[in-house]
Every structure is written in C-alpha cells, then in structure tokens.
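These notes are about the structure you will find just below.
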Amino acid sequence: MNGVIVLLLLVVLTKITAKSKLSLWIDEAQVANFIGYPFELDIISNGKMSPYLQQPEFNNNIPILPPTVDTVNLTWEAGDEKFTYWFDGLKSLNTALLYHPLLSIPAYGIIPKGPKIFQMSIPCTGNGEGVADLILGLQILDQSENPIQGSPIKLKLKKQCKAFVTTSLCKSECQNGGRCNQFSECDCKQGYHGKFCEIDMCSPSCENNGTCISPDVCLCLDGFYGKRCEKALCSQPCQNGGRCVQPGFCWCTSGFYGEACQYSYCITPCKHGGLCIGQNKCKCLTGYSGDLCEK
C-alpha cells in the first residue's frame, strides 16, 4: 500500500479533534507542501502524544521531505495548565548532507497558553545528493514535573537533499568554516551566523558540552537542560538540600550522602535544629550542646 495512504489512514483513524488541553501540531497547508495531501498532523493532542506516532507503520511510511522544504512550522498551546519543555535531541544523522535542525525558540522554556507558531529549519549542506535522516526529541513535563503520556517524544524524519551548483564566489571569505553557496552567500556552520559567519551565536557559551544551534539557543546533551545547559537532571530528586550537578549525581550538603543525598551520617537525627556535619557529629544552634544537641 502507498506510504502516504497508510499515513493518512493512521491519522484519520486515531485523530482526536479537541484542542482544549496541551496540543502540538503541523497545520494542513504545511503537510500539503510535504506530501501533496492537506491534513492536520497532530503530534500531541489533548495532553497526550498522538497514538499513531507510537505505531511502527508511522515511521515506516512517513514520506521523505522534498529538497524545497527548508522550514517546518509547528503550532502548540498549553491551555490552562503549565507545561515545561526542552528539546533533548535535535540532530542530523548525516551531517555531510543535512545540517542539524535549527529552532526559532529557546531549546528550554514554558509552552504558551494560546496557539503559537515556531519554526524548525532543516537546511541541506549542498555538499552532496541523497536522503538524510534527522531526529526530533522533545521532553514535556506538567506542573507537577511529571512527564506527559508519551514523553519523551522521538520523531525520525527524512529529507531529500541535492548538491548546490556554485556559479559565483562570495565577495568576502566565509569565516569559521562557512561555505559559499550558489547564491554568493555564506552557509554557516552550527553555532555561527552573520553575513560572513563571523558572529558566535551563543554568548556566553553553552555549558556541559551543549551545542549552539541558533542565536542564544543551546542544544543540550541528554541529562542537561537550561538556557545554557547549566542544569542537570537526576533520576531521583536530590534530598536534604542536595543539588543535581550532573545526570544522576547529587552534590550533597554537609552530613548527607547517597545517590539522592537520602542518607545522614548521623544515625540519630540532631535535635533542636542542629546540623549533621560528620559521622554522628552535630553542629548545634546557640544555647544547645552535646553530640546530638540534646543538652
């Protein structure tokens, strides 16, 4: 069966029309540009990932994006609830043909209440011809910091790329690894922009080996988030004042230890507001004394 027909059947048979809650979709006009059929492609509907995205037939039959499509417009809204998002995987699997995707919004933030469009740019490098794979990874947490059903969302798309035919040279040499294209303009490498790729897009730089993907937008490695990838995610919340500093690693305050700082060096808790500062050793508030501040 034709891949487009299979895709249409999956969408129609599982579609949820209401958008009263968290939703993310690609509108009819955009989809028509991709495959020639106008229909709305829901990624998240009514607070949940659309069922057909979890079926193998979806990824097996999704059409290849044509070379003329360099930008995808996505629309989302949160409704009355608060949702936090971060893109934890946004990359090209064939960087010789396709640059890493670029976002028009920060890689981490709050989803707007009302409908708002953002863009994902997927430019080919022009260095060759073929089909390139790209990955879109998206994490969404509700106001209780729990992932929504289906999160993290992982979409694998394909795009047809063609080689550029260079007919003229740029007036000035492209900087920072940029390449002169057929329009006599510089195509910049990831993390740079400007007429000659002379501007570093993220200042200060992304932390924890994050990658600058658009002006002041960092793509973080798994386990990190924040505007500069300065924050880490721990599988268990750090306890007793501990702070998550690396994925799965809590920096514990004095007197505590363990993966989540859940254990105290003081077998018997310090009394009267005392602070455990070593093995069975308490630092007492003024007016109290004793090993456990019991006096």
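In case you wondered, yes, glycine gets a Cβ from its N, Cα and C as well.
TrEMBL labels come from automatic prediction, so no person has curated them.
What you are looking at is a predicted structure, and each value in this text was computed from that prediction instead of being measured.
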Candidate in Cys197, Cys202 joined to Cys212 through a disulfide, as TrEMBL lists it: Cys202
Cys270, Cys293 - which one TrEMBL pairs with Cys284 by disulfide: Cys293
Whichever of Cys170, Cys197 is disulfide-bonded to Cys180 when TrEMBL is consulted: Cys170
Candidate in Cys252, Cys276 joined to Cys266 through a disulfide, as TrEMBL lists it: Cys276
Long-range environment of the domain 'EGF-like' (262-294) - Cβ separation under 8 angstroms, sequence gap at least 6: 236, 239-240, 254-256
Cys220 (disulfide bond) and Cys212 (disulfide bond), distance between Cα atoms, whole Å: 9
Cα distance (Å, whole number) from Cys229 (disulfide bond) to Cys202 (disulfide bond): 12
Alpha-carbon spacing, Cys170 (disulfide bond) to Cys276 (disulfide bond), which is rounded to whole Å: 66
Where Cys212 (disulfide bond) falls in three-state DSSP terms: strand
